[in-house]
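I have placed the structure first, in the form of C-alpha cells, so that the comments after it can refer back to it.
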Amino acid sequence: MSLGYAEKLSYREDLGTVGMPEIFDPPELVQKKIEELAVMVQKSKHLVVFTGAGISTSSGIPDFRGPKGVWTLQRAGKGVPNASLPFHRAVPSLTHMALVELERAGLLKFVISQNVDSLHLRSGFPREKLSELHGNSFKEICPCCKTEYLRDFEIETIGLKDTPRRCSDKNCGARLKDTVLDWEDALPPEEMNSAKEHCRSADLVLCLGTSLQITPACNMPLMSIKNGGRVAIVNLQATPKDKKASLVIHGLVDKVIAGVMSTLNLRIPPYIRTDLVQITLRHSLRKKCVRWTLRVTSTHGLRAPLPFIQSIEVSFPERPDMKPVVLKEQPFSLQRETSMYRSFFMLLKLNFSDGCSCLSSSIGWPVDFQKQKDSFVRDRTLVIRELQCAAEHESCAGQQEILERESLPRAETAIHAIVTDIVSYNTGDDKVALPGDNGMYCGRSNPAKRNMECTGCYPAAPKKLKYLFLKDEKLNC
C-alpha cells in the first residue's frame, strides 16, 4: 500500500497485532497444497479472491503488519519504511497479473481488495468485477453524478475530502473527492454490498496476502461458509480465520499462485503500461512573424503532473538556425518567435523518469503556420491495444501513437499514447521483475511468448466502462 497513505491516516493507538513471525511451510508440503488449491480453483463455480497488502510487497510496496511492515516499524519507533520505487510507478505483481488471466479464463468471478495502491486496475482487471473496500489512492469520485476518475498521480488527500479538481461533465461540475478511507470512515456501500453479495454466492473465497484483522472487511470471506462454500488462505503469518479455512498455505503468495497457474496450464500475461501526454501549440501573428508557445502536459489538466517524464529535449533537425533546448521543469513550456512563411519539423524527445523500462520516446511534429491540419479522434481502445501488442511482440517499451488531434486557427492539440513499461513474469520465480532489474527491455527476448492472434491482446477496455482522455481519465461505472 501507499506509504503516503499511511502517513496521512489519523492517529490510532490500537493497530491490532503487528510484527507476527513469518511461517514457511516445508517445500514438499507447499507443493502438495498448491496442487490441492489448483483443484479447488478448477472445480469452483464462483471463485472470489480477497486480497491484502501481501500481494503488493513484491511490487516494492511494504505491507503493514509483517516484520518490516508500516505499523510494525512505527510501533518500534522506526518510522515509515522506504519503498523501492516511486509509488506511482509501482507495477502489478505476478499475483495481480495471474488474477487477470484467471478472470479471462472464466474461473475468477470477483476480486475484493483492501489495498489502495490501484494495482488491480493498473493490471487491467475489470472495474465492474472489483470491489475496493478501502478506496484507491489514484482515484477521485464525483459525489453528485458518481463518475470515477482514475489518475496517473497520487491524490493529495485521504478521508473522502474535496480535491482541487471538478467533475468534467458540463451538466455537473461538482468538486471531486478522494476515495481513500480514514480510520473512522465507513466502508462505501456500493463496494461493500457487491463484495458481500459475491461472498454469499461464492463456493470458494481465496484470501491472498492478508492478516484478516481489519473489521468489518475480514469477516466477509466467512459468509461463503454459511452457504456451503469454502475458504482458502495464503499468507506468511497466521490469521484469526485459519481454523475456519479448508486450506491454509504459509508461503510467498507469488510463488503459490505461480504454482497454481502452472498446474492449471495458464500463462501469466506481461504487464504493459501505457501513459498519455497532451501536446499543445498555440500561436499569434506579429507582422511577418509568429510567436508560438509549446506546452507538454498531462491529459488531466495543466496543473496535473506528468510523473513519468523527467525532461524533454526539443530540437529542429531541418532548421540549424533554430537552437535546440532541454525543458526540465513542469509544466513543460517553450516560447519562440519564427517566420510565418517557413515551416519546420519539431522533434520532442521525452526522457522518462526512474521506474520506466525504457529511457525515452520521441514524437515528431511538423509545423506550418499557413496550413491548418485536420482534426480527428481515433478508436482509443484499438490504438492502445495495437500499441501494447507491438510492445509485447518486440519485447520493448517506447512505442507511441497519436490518439486524437484538435486543430483550430490559432492552436493545435494532440494526445499521444506511449508504452512506458513492460514487465514479464517468470513462473519459476516468486519475485516480479521490477524496472531496473532483469525484466523485459528493448533488445531482450521475451521468455513468455504470447499468441498475437488473440482478439484481446492486452488489455482491452471493459465494455461497461467509458474512458475519456481529453481532460480526464474517466470511468463511468
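The backbone N, Cα and C atoms fix where each Cβ goes, glycine too.
Curation does not apply to TrEMBL; its annotations are automatic.
Feature list (source: TrEMBL):
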ACT_SITE  HIS134  active site, proton acceptor
BINDING   CYS142, CYS145, CYS167, CYS172  Zn(2+) binding site
DOMAIN    27-267  domain 'Deacetylase sirtuin-type'
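Sequence features annotated in TrEMBL and their locations in the structure.
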| residue | record | Cβ within 10 Å |
| --- | --- | --- |
| HIS134 | active site, proton acceptor | 22 |
| CYS142 | Zn(2+) binding site | 21 |
| CYS145 | Zn(2+) binding site | 13 |
| CYS167 | Zn(2+) binding site | 22 |
| CYS172 | Zn(2+) binding site | 14 |
The residue listed as 'active site, proton acceptor' and CYS167 (Zn(2+) binding site), Cα-Cα, nearest whole angstrom: 22
Output field, Zn(2+) shell: CB within 8 Å of site CB centroid, site CYS142, CYS145, CYS167, CYS172 dropped: PRO143, CYS144, LYS146, THR147, SER168, ASP169, GLY173, ALA174, LEU176
HIS134 (active site, proton acceptor) to CYS142 (Zn(2+) binding site) - Cα separation in whole Å: 17
Integer average pLDDT (0 to 100) for the domain 'Deacetylase sirtuin-type' (27-267): 91
